[in-house]
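S.K.: For reference, the structure I am asking about is given below.
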Amino acid sequence: MASHPTYEAHGQPYVDENTSVTAEKQDSKGAKDVFGEDGIHQIQYKTLSWQAVSLLMIAEIVSNGILSLPSALAVVGIVPAVILIVFLGIFGLYTAKLLIDFKLNHPNVHTMGDAGYIMFGPVAREVLAFGTVSFAVFGSGSGLLSSQQALSTLSNQGMCSMYLVIITGTVAFLISLPRTLDRLAWMGVLSAAVIAVAGFIAMIGAGVNPVPGRSLTIAASSNFFDAFLAVTNPVFAYAGHFMFFILISEMRKPEDAIKAAWCLQGFATVFYVVFSVVMYVYIGNTVQSPVLFSLPPVWAKAAFAIGLPNFLFSSGLYTHTATKLVFVRMFRHSEHLHSHTLLGWTVWTLLCFAGSAMAAILAIAVPIFSYLIGITAALFAAWYTYGLAGFFWLHDAYHLEGGMDGLKRRPIGTTLAVLTVISGTFICVAGTYVSIKLIAEAYANGQVGRPFVC
């Protein structure tokens with residue numbers, strides 16, 4: 001057996017496009033790590049501990065998404081919503097485990113595109129890579145919008161929102177510039193801390209200022225459109241798995257990634273439930289989205305001010321993710337990836353700038369940008385967080401455990417994987433339908449604004 005194996009992609013041997021060696025497929029122990037012998041290079045990527053990864057995950061996932069969760073309780077009722085949030089947290093941990101196992105079996109996987117190539121071939125690689133970059137850019141833009149809302153609230157609408165997006169985009173660009181994720185880890189600690197504190201400040205504000213005569217719903221009947229629209233909030237509040245491959249690739253001990261996943265899903269699930277229930281109980285069915293706008297101005301300003309660093313960091317981390325995917329794809333196994341070369345830093349800086357600029361332009365120039373975020377999440381996050389994990393398990397069980405016999409020997413795992421794929425498909429189709437219908441209704445009701453206006 002040769003020392004550098006390849007994997008089978010869609011029935012054909014998988015060969016890293018940037019290397020010239022080939023060998024037998026599926027020997028995961030001999031696969032070349034995406035960053036190679038990292039210790040001998042100027043720029044060392046594999047430096048993250050599982051604690052740092054868990055904080056980076058929390059900082060990126062537990063961000064502005066929590067601000068829409070209480071509104072889901074007003075639509076479907078407190079009991080169904082809490083059950084859904086808890087279920088999705090457990091489901092997200094299960095899919096994270098499948099994703100991590102796939103990464104450990106295939107160390108050369110750096111992104112969802114690489115995983116798609118192994119499973120389905122070159123077309124899937126491009127589709128999933130494009131989806132990762134698109135979702136990251138839209139996620140960055142969402143962070144910029146939340147930052148703009150925070151600054152507008154703090155300034156009493158004293159500055160044009162377009163200028164605020166440009167300012168926050170510049171900050172996010174600077175945050176994205178470090179080449180390795182360990183340089184962002186300390187900001188991840190700060191970011192995770194401030195979003196937790198902001199959530200507690202909001203809960204205190206709601207508790208000391210309850211809405212008089214508020215009404216609460218234990219369980220509500222609703223049509224499919226309204227119900228699933230509410231469901232998308234908790235579904236996409238867990239949508240961060242697309243980053244896992246990139247984060248795990250920079251860990252000192254990738255096998256510890258499951259510890260980070262437990263920390264992320266455990267914290268996110270508990271925090272989401274507590275925050276959503278407390279805010280809903282004190283505000284009632286009139287709760288707005290984002291929920292901070294339901295608070296008295298002084299409490300809204302306090303929560304926004306404390307949460308602002310998280311929104312900015314999340315935006316910068318999204319941009320870093322998109323840049324890292326493209327950069328590694330361009331320079332994989334070259335000196336520009338591992339050394340401080342002029343070309344490497346020039347391309348890296350330009351990619352970071354392009355990602356931040358696109359996010360800012362989308363937020364400013366596209367009146368339906370917030371709706372497009374929903375479509376992007378439905379098309380890609382539904383697969384990255386849920387559906388693809390089932391394919392990961394089925395692929396490795398088939399290729400590493402003896403083909404169909406391997407699947408038959410593990411009926412429970414096979415059934416769960418198939419149901420995971422079906423779940424991802426349903427979320428994708430239904431989420432896209434709901435998002436498109438929202439856009440149509442917004443245009444029909446004259447709710448769509450104009451581009452490049454304050």
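Numbering starts at 1 and runs along the chain as displayed.
Backbone N, Cα and C atoms are what each Cβ position is placed from, and that goes for glycine too.
Straight out of TrEMBL:
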type	residues	note
DOMAIN	47-436	domain 'Amino acid transporter transmembrane'
REGION	1-28	region 'Disordered'
TRANSMEM	73-96	transmembrane segment
TRANSMEM	117-138	transmembrane segment
TRANSMEM	158-177	transmembrane segment
TRANSMEM	184-207	transmembrane segment
TRANSMEM	227-248	transmembrane segment
TRANSMEM	260-283	transmembrane segment
TRANSMEM	303-321	transmembrane segment
TRANSMEM	342-365	transmembrane segment
TRANSMEM	371-394	transmembrane segment
TRANSMEM	415-436	transmembrane segment
S.K.: Looking only at residues six or more beyond either end of the transmembrane segment (342-365), which have a C-beta under 8 A from one in the stretch?
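M.R.: The answer is 136-138, 140-141, 143-145, 148, 162, 165-166, 168-170, 172-173, 176-177, 179, 315-316, 318-320, 322-323, 326-327, 330-331, 335-336, 372, 451-452.
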S.K.: With a Cβ cut-off under 8 Å, give me the same-chain residues at least six positions beyond the ends of the transmembrane segment (158-177) that come close to it.
M.R.: 140, 143-145, 147-148, 151-152, 184, 187, 311-313, 315-317, 319-320, 323, 348-349, 352-353, 355-357, 359-360, 363-364, 452-454
S.K.: Determine which recorded stretch among 227-248, 371-394, 415-436 has the most C-beta pairs below 8 angstroms with the transmembrane segment (117-138).
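M.R.: Stretch with the highest Cβ contact count: 371-394.
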S.K.: Sort out for me which stretch, of 73-96, 184-207, 227-248, 371-394, 415-436, has the most Cβ pairs below 8 angstroms to the transmembrane segment (260-283).
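M.R.: Ranking 73-96, 184-207, 227-248, 371-394, 415-436 by Cβ pairs under 8 Å to the transmembrane segment (260-283) puts 73-96 first.
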S.K.: By a Cβ-Cβ criterion of under 8 Å, what residues six or more beyond either terminus of the transmembrane segment (371-394) are in contact with it?
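M.R.: That would be 91-92, 94-96, 98-99, 101-102, 112, 115, 119, 128, 131-132, 134-135, 138-139, 141-142, 232, 235-236, 238-242, 362, 407, 413-414, 416-421, 423-425, 427-428, 430-432, 434-436, 438-439, 442.
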